[in-house]
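A.B. asks: My questions all concern the structure below.
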Amino acid sequence: SKDEARKSIVYNYKHGFSGFAATLNETQAQTLAEFPEVVRVKLNTYHKPHTTQSWDFLGLDYDGPQQQQPQQQEGLLQRAKYGENIIIGVIDSGIWPESRSFDDTGYSPVPARWNGVCQIGHAWNATSCNRKIIGARWYSGGISADVLKMDYNSPRDLTGHGTHVASTIAGSQVWNVSHRGGGLGVGMARGGAPRSRLAIYKVCWVDGSCPEAAILAAIDDAIKDGVDVLSLSLGGSPGEEIFETLHAVLQGISVVFAGGNEGPVPQTVLNAVPWVMTVAASTIDRSFPTQVTLGNNEKLVGQSLHYNASVISNDFKALVHARSCDMETLASSNVTGKIVLCYAPEEAFLISPRVALRNAINRTLEAGAKGLIFAQYAINNVNNVAACNNIMPCVLVDFEIAHRIASYWDITRSPVVKVSPTMSAVGNEVLSPRVASFSSRGPSLAFSTILKPDIAAPGVNILAAVRGTYVLLSGTSMACPHVSAVTALLKSVHPGWSPAMIKSAIITTASVIDSFGMLIQAEGVPRKLADPFDFGGGHMDPNRAIDPGLVYDVDAKEYNKFFNCTLGLLDGCESYQLNLNLPSIVVPTLKDNATVSRTVTNVGPVEATYRVVVEAPAGVAVLMEPSIISFTRGGSTRATFRVTLTAKQRVQGGYSFGSITWSDGSAHSVRIPIAVRTVIQDFVSDTS
């Protein structure tokens with residue numbers, strides 16, 4: 001009946017695309033799918049969130065660049081007027097409007113083009129929005145009554161995730177803040193585009209779920225509301241894509257996604273459609289060294305976030321080596337009131353460091369320990385030890401340090417240890433950036449010809465607002481808003497640029513070397529040199545992205561063909577996907593040779609000549625035609641080149657990597673990454 005049909009509707013999508021979400025049984029869904037007017041019927045899936053020195057580290061100094069680029073008097077932040085009046089939509093868990101990061105003092109009226117609303121609800125009224133948070137909506141359709149009872153039925157953020165993300169993007173300057181007010185990471189917190197406006201769309205709830213039906217409703221509303229950028233620090237499982245973001249891009253809205261936190265495992269990257277920017281997480285030049293002193297006065301260093309002075313003792317405590325810290329060993333070791341060393345390298349392959357650490361914290365606390373020293377092979381994500389909640393010191397050490405502590409314990413009758421308060425180290429003594437171990441890696445499971453992630457940005461121990469305080473959090477959720485903010489700044493400087501042009505500018509100007517001039521590394525097992533499946537084009541360099549010289553533009557309608565290919569509605573899709581004008585080249589099945597084309601658009605000096613520099617992937621010959629491109633006054637601003645890749649060895653192998661760089665010999669160096677896999681047989685990647 002019509003009445004039952006109306007009751008079944010959860011959301012109507014009508015602004016950016018045509019569709020609806022409804023509660024249906026299997027027969028009803030199948031009947032709908034058979035209508036010729038219906039493109040697709042799919043089951044609602046649930047996504048989850050991917051959980052400030054970083055801006056200075058990226059060169060976006062509030063008062064201007066410390067090292068000015070040639071012919072550049074101002075940095076991106078100043079040229080973009082700090083993001084003034086750019087509207088950024090944040091689809092996440094809501095916001096805490098009372099945070100000092102969202103103070104609207106000195107802001108001009110809300111832009112007249114804004115069409116959104118400030119939706120009222122629990123602990124949220126019309127005055128909760130201001131000239132900074134200019135709009136807010138919340139989406140409870142499909143959320144269980146039990147979950148709704150535990151959360152605010154409003155845009156207010158209970159978990160803190162959305163607040164952290166929003167303040168990283170657009171937070172106003174807040175002086176003298178630190179991790180939970182305890183002194184760690186002390187300094188000024190601010191967003192990358194601190195004068196931009198925020199539109200909040202709460203789709204994630206206290207149980208950690210972000211229903212796709214709600215995400216689509218938020219995207220649909222954001223298109224109507226008039227946002228310039230959409231930031232989504234969330235994702236589902238590899239292969240689950242939110243294709244409807246295409247409708248936002250067709251309206252000129254740039255869309256930025258977190259790439260996922262399932263690294264360093266290959267093929268785990270999320271949000272891999274070509275029209276969005278997918279962000280990997282990297283470290284910054286800040287660490288939190290913590291001194292561990294043994295009873296023989298040997299001083300060793302680990303990493304911690306221990307800030308609570310009330311539980312720090314200057315006294316030595318008894319040390320227990322509980323190996324894997326399983327329940328049985330802890331019970332038999334009498335760890336009450338002692339500091340426990342969890343060190344079992346022979347079992348490291350059985351369980352991920354994140355899970356092992358969480359188990360060790362819970363078990364040692366339950367057993368009555370007064371401290372934990374945990375050994376693992378990847379220690380760059382110190383945020384994990386926040387689970388101790390400062391009830392006791394928790395220190396991460398590598399296997400080498402742990403071995404020295406265990407050796408001392410072995411030969412000492414009454415071993416003791418002391419953990420000192422954590423310190424903050426910033427600057428050249430910290431090797432950075434590195435791709436974080438947790439950051440999800442390519443290649444994409446869904447689209448083998450699309451390079452993902454696109455770019456890396458700071459995502460480890462990022463200090464930003466959570467409720468009324470400031471907290472260090474890690475994840476690609478924290479990296480995503482860095483790219484969202486830079487995207488907003490570039491939109492301000494170049495309002496006529498398409499989302500593809502902005503994406504190209506960020507990728508082609510990225511850095512592949514660290515602050516010491518060495519190739520960037522990726523944390524993993526073991527640490528290695530980063531490749532495009534770790535960080536796409538490299539580590540974001542915002543000030544270079546202002547003036548990229550050349551860009552790889554894509555008519556957004558071309559993405560429609562890509563989408564139709566995913567539905568099986570077009571022929572010749574492999575060739576089309578290889579030649580989609582992206583700032584990267586991936587050939588996943590090179591048997592003999594393949595030729596792909598790309599077109600660059602000149603956005604630099606009217607008269608310019610670029611010469612190509614090729615770094616060929618191992619085992620592959622690369623031929624460029626032409627190898628020189630020139631632009632003249634009155635001539636075309638576009639130039640097309642062809643890349644022929646030839647396998648030099650007939651093997652069923654893995655990927656090898658290279659790059660193509662167009663250089664004008666002075667200010668512009670436009671680099672895109674290449675990934676090639678040689679094959680003999682289809683559908684089999686490696687027979688070795």
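In case you wondered, yes, glycine gets a Cβ from its N, Cα and C as well.
Sharing the record's features from TrEMBL:
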DOMAIN    3-46  domain 'Inhibitor I9'
DOMAIN    83-510  domain 'Peptidase S8/S53'
ACT_SITE  D92  active site, charge relay system
ACT_SITE  H161  active site, charge relay system
ACT_SITE  S477  active site, charge relay system
DOMAIN    579-676  domain 'Subtilisin-like protease fibronectin type-III'
A.B. asks: At the Cα level, what's the spacing in Å between S477 (active site, charge relay system) and H161 (active site, charge relay system), rounded?
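C.D. replies: A Cα-Cα distance of 8 Å.
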A.B. asks: Between D92 (active site, charge relay system) and H161 (active site, charge relay system), how far is it from one CA atom to the other, in Å?
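C.D. replies: That separation, Cα to Cα, works out to 7 Å.
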A.B. asks: Starting from the Cβ of H161 (active site, charge relay system), draw a 10 Å sphere and report how many other Cβ atoms land inside it.
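C.D. replies: A 10 Å sphere around the Cβ of H161 (active site, charge relay system) contains 26 other Cβ atoms.
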A.B. asks: Including all protein chains shown, what's the count of other C-beta atoms within 10 A of the C-beta of S477 (active site, charge relay system)?
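C.D. replies: 31, counting other Cβ atoms within 10 Å of S477 (active site, charge relay system).
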A.B. asks: Across all chains shown, how many C-beta atoms besides its own are within 10 angstroms of the C-beta of D92 (active site, charge relay system)?
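C.D. replies: Its Cβ has 29 other Cβ atoms within 10 Å.
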A.B. asks: Could you give the number of helix, strand and coil residues in the domain 'Inhibitor I9' (3-46) as assigned by DSSP?
C.D. replies: 14 helix, 10 strand, 20 coil
A.B. asks: Which whole number is the mean pLDDT over the domain 'Inhibitor I9' (3-46)?
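C.D. replies: Within the domain 'Inhibitor I9' (3-46), the model's average pLDDT equals 88.
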A.B. asks: For the domain 'Subtilisin-like protease fibronectin type-III' (579-676), what does DSSP give as the number of helix, strand and coil residues?
C.D. replies: 0 helix, 61 strand, 37 coil
